[in-house]
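Participant: Sending over a structure as structure tokens; questions will come in a sec.
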Amino acid sequence: MTHVFEVYPKVNVFLKILHKEGAYHKIISRMCLVKNKLKDIISVKNALSFSLKGDFDCPLEENSLFKALQVLKKFLVQKNFSHSVIKSLDTLAIEVEKNIPTQAGLGGGSADAGGLLYHLNQMFDWRLSLKELYTMGSLVGADTNFFISQYKSANATSYGEVIENFEEESLEDRLEIYAPNHVFCSTKAVYQAYKPETCFFQAKEWLKKTSLECLKTYDRNELNDLLKPALRTNPALKDIESQLSKEWFFSGSGSAFFRLKNTQKGANETHCQQ
């Protein structure tokens, strides 16, 4: 048995910070899936022993796919799944063709983890509910549930793990991503550098706006509260951002930007530049 699936990045059309609660910030955001050439391809098959292969930039125990499998095992034990089902996770050979950059605000690691949880549930016919998958996803990473949901567009609230489908004209094939090479943003560092400028009371209003309305009405600073702290913490990013025209927007905590595609013939899809 070999199961192969594709995983696509997300962008944050808007990301507004409400307040800090405990160690983390409460946010509201609109996440949209972007389907173009930038994608990870994951293959899962049965083998004699467990393996996880891919061009990863972290130790195994910090890998989001490995974390997802550990969370899944614990969950299946709690749900009284059979010993053979749980042991079957120890004989999976997982291979990832990694193309979505990490530390870019595109949800690369979360996309892989969310995709794996969703597809394993389908492959093995465990019939876990979306709510159960979300419980696991929130333990792996804040963006993971968006990728579990398989939604094209969704509102994310709380710490980013509460996902609600947003019905709108899909932008999945209308967005173009620019992911600068060799420029990485630490989510932790960017959030630590965030300084609240004004009290934010318009959460519900933002959650009603269509993504297209947001992109055509506001600039990248107005849409993403993490742009300024990201520029403060990363001089290389600041140099790049200063040269970008207003049509480019900032995703997550960076370092990637995105824009509505030029609909003329010959328009590029995905940029990865120096």
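If you go along the chain as it appears here, the first residue is 1 and each next one adds 1.
Placed from the backbone N, Cα and C atoms, the Cβ positions cover glycine too.
Okay, so Swiss-Prot annotates it like this:
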- Lys10: active site (ACT_SITE)
- Asp143: active site (ACT_SITE)
- Pro101, Thr102, Gln103, Ala104, Gly105, Leu106, Gly107, Gly108, Gly109, Ser110, Ala111: ATP binding site (BINDING)
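Have a look at these and tell me how they're positioned relative to everything else.
Facilitator: Around Lys10 (active site), a 10 Å sphere centred on its CB holds 30 further CB atoms from the protein chains shown.
A simple way to gauge crowding: the CB of Asp143 (active site) has 30 other CB atoms within 10 angstroms, across all the protein chains here.
Taking the Cβ of Gln103 (ATP binding site) as reference, residues of its chain lying under 8 Å away and at least six apart in sequence are, in sequence order, Phe184, Cys185, Ser186, Thr187, Gly254, Ser255.
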Participant: Give the distance between the Cα atoms of Lys10 (active site) and Asp143 (active site), rounded to the nearest whole Å.
Facilitator: 9
